[in-house]
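Following: one structure in structure tokens, then a few remarks.
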Amino acid sequence: MGSSWSIAEEEEEEERRPLLRPRPGAGAGAAGRSRAPAAERGGAAPVVTAVPAQLLAGPGRVYRRRWLVLLLFSLLAFLQGLVWNTWGPIQNSARRAYGFSSWDIALLVLWGPIGFLPCFAFMWLLDKRGLRVTVLLTSFLMVSGTGLRCIPVSSDLVIKKRLIHGGQLLNGLAGPTIMNAAPFLSTTWFSADERATATAIASMLSYLGGACAFLVGPLIVPAPNETSHLLTSESNSIHIKDRIEMVLYAEFGIVCLTFFAAIAYFPTRPPFPPSVAAASQRLSYRRSFCRLLSNLRFLMIALAYAIPLGVFAGWSGVLDLILTPVHVSQVDAGWIGFWSIVGGCIVGIAIARFADFIRGMLKLILLLLFSGATLSSTWFTLTCLNSITHLPLTTVTLYASCILLGVFLNSSVPIFFELFVETVYPVPEGITCGVVTFLSNMFMGVLLFFLTFYHTELSWFNWCLPGSCLLSLLLILCFRESYDRLYLDVVVSV
């Protein structure tokens, strides 16, 4: 990423040029200081041969505008998650208004992981063109997708359904940037003692958007059984459709405002880098993939993230469908989904702030979080099988188990992202996180694909949660952590 500040750059070079030439003797000395401890840890030595002379003399410079950049990106992430999860919380109403089937509901959620198929193209764009170009393209896709869903063709439900599916696909194409760019943004704009916090805020807001869909949808759109005693079947469908379109127009308007705000101000990078790691040289696009695919430690921790988070994302998207057999209403399902994700977002940001102060404890944090996730997911699954287990199936138990599960899993996301970057440094952040989120969405897509065929009985879907959490816990336990990027910032800047 340091090449973004370079004066000149050759297109075919293997390694990127640094921001500035190091002072005579400074680069070699810094390299010696940081490589020796890395060798003692048994990890790869960080690449520090091209550290800017200005940063060797002291800490980097941060700007107040970094919070505005973080706010705009986080708002886009929030809206992308909100649009993606529009239909799951109101699936019963959508069936009545547009004639959606269970396959349609699952496919509307599935467009999210399908949108990650061109993930590597967005990673290349982020790596080569920087934040501004990538974010503007992403926000334009969101404007196009939400606008497509608002085209008035109510006389033909088939065309309307196709437009809705097309809009969800375009919004899904915005997902790679939203999910991958948070560590890139935090490294570009924030100092070493703020990176985990910035990563948590930028990555958690997408989940918070999905959570607000559980709240906004059921509160604005009535369920069919809430209006059927007052209206005829036809007028009931029209009333529900009008309320759904109100939600669609509101989402379109907010996305447009955010898009224009990003056009007005969203710089690619600050004038000067905030840390040594932000300005140091990184591997090229091709060599980054070779490094990732040959790093067994990275593949281990990537699977520990991708499998449970992919399963949980798919499970959350159809939570109403899962809770319907246990006689949970659409509104209650919405509240359960809302608080499970909100709790995870709050705890995730708090844990990330703690990790900024107490460095080098990412593995321990993940072990604690996934121990709790395994227990809470097992509790929820056994509760849903109360006819066999005879565990009490009450609103309190469902709320408690789902909220705890969301807190443990969602709060692990920024910790995982920081650990990924530390493990494979100097691979660029966007490429690293792009690979793991692609894997996560691949697992979610496979799971939702099976759901389109096996949607009559969903206990198998619930069992996927504790199984994936337990597998992840074992992988984290066997993982050997390293902190090369952090060591570079701490040692070279001293």
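Cβ atoms here come from the backbone N, Cα and C positions, even for glycine.
Owing to the predicted nature of the structure, the values given are computational and were not obtained by experimental measurement.
Listed features, source TrEMBL:
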- 1-38: region 'Disordered' (REGION)
- 67-85: transmembrane segment (TRANSMEM)
- 105-126: transmembrane segment (TRANSMEM)
- 133-154: transmembrane segment (TRANSMEM)
- 174-192: transmembrane segment (TRANSMEM)
- 204-221: transmembrane segment (TRANSMEM)
- 246-266: transmembrane segment (TRANSMEM)
- 296-315: transmembrane segment (TRANSMEM)
- 335-352: transmembrane segment (TRANSMEM)
- 364-382: transmembrane segment (TRANSMEM)
- 398-421: transmembrane segment (TRANSMEM)
- 433-454: transmembrane segment (TRANSMEM)
- 460-479: transmembrane segment (TRANSMEM)
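Remark: the transmembrane segment (174-192) makes no contact with the transmembrane segment (335-352), by the rule of 3 or more CB pairs under 8 A. Remote same-chain residues near the transmembrane segment (67-85) are listed as 109, 111-112, 131, 135, 138-139, 142, 145-146, 168, 171-172, 174-175, 178, 181-182, 185, 189, 198, 201-203, 205-214, 216, 251, 254-255, 258, 261-262, 265-267, 316-317 (criterion: CB distance under 8 Å, separation of at least six residues from the stretch ends). Within the same chain, residues 89, 196-197, 199-201, 204-205, 207-208, 210-212, 214-215, 316, 319-320, 323, 328, 365, 369, 398-399, 402-415, 418 sit at least 6 positions outside the transmembrane segment (335-352) and bring their C-beta atoms closer than 8 Å to a C-beta of that stretch. Within its own chain, the transmembrane segment (105-126) has Cβ neighbours under 8 Å at 84-88, 91, 94-95, 133-134, 137-138, 164-165, 168-177, 180-181, 184, 285, 310, 313-314, 317-318, 321, 430-431, 434, 437-438, 441-442, 444-445, 448-449, 451-452, 455, counting only residues six or more beyond its boundaries. Per-stretch counts of Cβ pairs under 8 Å to the transmembrane segment (364-382) identify 460-479 as the leading one among 204-221, 296-315, 433-454, 460-479.
Recorded stretches compared: 204-221, 296-315, 433-454; the one with the most Cβ pairs under 8 Å to the transmembrane segment (460-479) is 296-315.
Among residues of the same chain six or more beyond the transmembrane segment (204-221), those with a C-beta under 8 A of the stretch's C-beta atoms are 74-75, 77-86, 88-90, 93, 178-179, 240, 243-244, 246-247, 316-317, 319, 330-331, 333-342, 344-345, 348-349, 410, 413-414.
Residues of the same chain lying 6 or more positions beyond the ends of the transmembrane segment (433-454) and with a Cβ under 8 Å from any Cβ of it are 102-103, 106-107, 109-110, 112-114, 116, 119-120, 122-123, 126, 175-176, 179-184, 289, 292, 302-303, 305-307, 309-311, 313-315, 317-318, 416-417, 420-421, 460-461, 464.
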